[in-house]
């Protein structure tokens with residue numbers, strides 16, 4: 001396989017890994033990176049979905065101790081069962097709404113104005129959330145969340161169906177606005193990502209299975225590997241970062257990126273559509 005093509009796959013994997021779990025929208029960045037690299041045909045869209053697997057593996061690795069302890073304790077400890085139930089409850093709203101509205105959203109909302117607007121609006125929402133009263137925090141750990149907390153975060157996650165919103169951004173900032181600490185909101189967002197990304201990925205790959213080929217296996221393997229490594233580094237960095245910093249820098253970045261979306265769409269350089 002062409003070395004240049006494999007290099008492009010590596011770059012796309014890094015972009016996916018670095019942006020999947022930051023509140024900046026991986027989809028928007030993959031579209032822009034694909035346009036820059038000339039890696040934006042139908043097969044590239046399937047590739048973008050497939051390399052999310054690497055990011056999922058990274059989260060599982062970072063949180064493996066918690067996941068393992070929960071699985072072992074499920075038969076005997078109510079606390080473990082409640083945590084697992086919370087993840088399931090948070091996951092279900094996105095499943096239901098995706099099945100009902102997924103096609104309509106892809107057909108009508110993937111436009112430059114919508115993508116740019118959600119980037120910019122999301123930036124201002126982050127600024128607002130970070131300036132809320134310190135006393136608003138009532139949940140310091142994911143283990144202290146109630147099923148209602150999980151349901152609310154799950155409903156907020158549905159906003160990520162709108163292009164440019166960012167799944168991690170919606171769940172983290174939504175969780176903070178609902179009273180979760182920055183750490184608890186981030187942790188739950190990452191746990192929620194595991195079933196959400198697996199479900200969305202399997203469903204999308206099944207629909208586009210006619211575009212898959214064994215000949216592309218090296219391409220997908222390279223992208224997945226680089227996605228895994230970069231996502232692992234990014235998640236570990238973010239967990240350290242949030243202990244002493246806010247999400248404000250990401251807010252300004254989103255606003256700036258929204259302007260980039262409008263500029264590239266206006267010049268015709270990037271096709272922000274399905």
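Just so you know, glycine gets a Cβ as well, placed from its N, Cα and C.
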Given ranges 109-129, 130-150, the stretch to which Swiss-Prot attaches the annotation transmembrane segment: 109-129
Result, the transmembrane segment (247-267) in contact with the transmembrane segment (85-105) (3+ CB pairs under 8 Å): no
Beyond the flanks of the transmembrane segment (109-129) by 6 or more, those residues with Cβ under 8 Å of it: 23, 25, 28, 162-166, 169-170, 173, 176-177, 247-248, 250-255, 257-259, 261-262, 265-266, 272-274
